[in-house]
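Participant: Next up is a structure, given as structure tokens.
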Amino acid sequence: MRLVLLGPPGAGKGTQAAILSEKLGVPAISTGDLFRANIGQQTALGLEAKKYMDAGDLVPSEITNNMVKARVAEPDAVNGFLLDGFPRTVDQALALEKILADLDAKLDGVLAFDVADDVVVERMLARGRADDTEDVIRNRMRVYREETAPLLDHYAGTVVTVDAVGEVDEVNARALAALGK
Ligand code: B4P
């Protein structure tokens, strides 16, 4: 199974990806986590990504697409994967189509986690990650509206919306139901 998880920052994509990964038996691939691991190891990619993440901007697609291309080619992803936080622009969605075509694979579904702005701001402020300050959150939400939300139209006909307000388990049950599980 190959799925894309969409949603605004703080919608709970990473939270749900971890649970779905366990239940569906495929790895969750989070571009945010991959960048943070690189930052932790102070790789050249991490140092470059940090500049953008600290401001709440998207890391350039060339860096992101190559990182995803390498990750989905790893052996644990051969039978499927959940993409958490990728694609985040229509250009990245087009790059994903090419990555999948090269693997002779296709997407099985797109889940969009839907949640109001005030709820995600509250969640992110409570989490308090380095990029969870009020100014950076505001910029991430602007970037989401301008660059990522158009993906809902790009995936029209495929995307299934999941109400992401409520307890983590409730949201997970809705996500599984949306997948027919
Ligand atoms: P991400 O790491 O993807 O971060 P996110 O969108 O804020 O988080 P997510 O939606 O996964 O929320 P989470 O489960 O953690 O991106 C960070 C940055 O990386 C971006 O700003 C960008 O710079 C860069 N980046 C990543 N991908 C990129 C790409 N493709 N291209 C370019 N740049 C890219 O949940 C948030 C909080 O809510 C947590 O504290 C969680 O515990 C809580 N929560 C979750 N579900 C809840 C629930 N049901 N009820 C209450 N709280 C809940």
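Each residue, glycine too, has its Cβ placed from N, Cα and C.
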Participant: Could you check which of 30-59, 120-149, 150-179 is flagged in TrEMBL as region 'NMP'?
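Facilitator: Checking TrEMBL against the ranges 30-59, 120-149, 150-179, the region 'NMP' one is 30-59.
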Participant: Through the lens of DSSP with three states only, how would you label LYS13 (ATP binding site)?
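Facilitator: The residue in question, LYS13 (ATP binding site), is helix (DSSP, three-state).
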Participant: Count the Cβ atoms, other than its own, that fall within 10 Å of the Cβ of ALA11 (ATP binding site), considering every protein chain shown.
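Facilitator: Total other Cβ atoms inside 10 Å, all chains included: 24.
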Participant: Tell me the coarse DSSP state (helix, strand, coil) of THR31 (AMP binding site).
Facilitator: helix
Participant: Sorry to bug you, but what's the C-alpha spacing from VAL59 (AMP binding site) to GLY12 (ATP binding site), rounded to the closest Å?
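Facilitator: Cα-Cα, rounded: 20 Å.
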Participant: Just to verify a number: CA distance, PHE86 (AMP binding site) to ARG127 (ATP binding site), in angstrom, no decimals.
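Facilitator: Here the two Cα atoms are 21 Å apart.
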